[in-house]
Amino acid sequence: MGCQRTLAAGRTALLLAGLLVALWHRCAASCPERDLEDREEEANIVLTGTVDEIINMDPVHNTYSCKVRVWRYLKGKTNVNREILLDGGNKLMIGGFGNPGICDNQVATGDTRIFFLNPAPEAMGPEHKNELMLNSSLMRITLRNLEDVEHCVEGKQPVFL
């Protein structure tokens, strides 16, 4: 009798694992990412930075903003004026995290990423006046990702080793 229970539990676990894999594939496919070239072209500002603080959580829309320490501008540094800069000029307020229209947009304090940004639209109201908004998914900092983004910004074809 114990053997039958073990067998049934094993089948249940296998079925559950199969369902989880199918659900994961479906979720991954439900959020197709645009080409890097398109994402870079649509963004006015591309930079690398580290999330210092998560603030302005909107419980209705499940979105939030973050204060991000900028490490390097890859594109659009001239679009960042003094009004946008915070804490001595090396931090920015970035909104749009949690936006369901952007695939990979969840962060935690201390995460370092490549950000594709645009100024917040005026329609968002005066509280977002000096805020930048995510334009597309975040990218992890890897040598390959940095080289790919730099090549897009410079208009060169990426070199694959």
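Every residue number used here counts from 1 along the chain in the order it is shown.
Cβ coordinates come from backbone N, Cα and C, glycine included.
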When you check TrEMBL, which of C66, C103 turns out to share a disulphide bond with C31?
C103
Counting each residue once, how many in the domain 'NtA' (31-158) are helix, strand and coil under DSSP?
31 helix, 48 strand, 49 coil
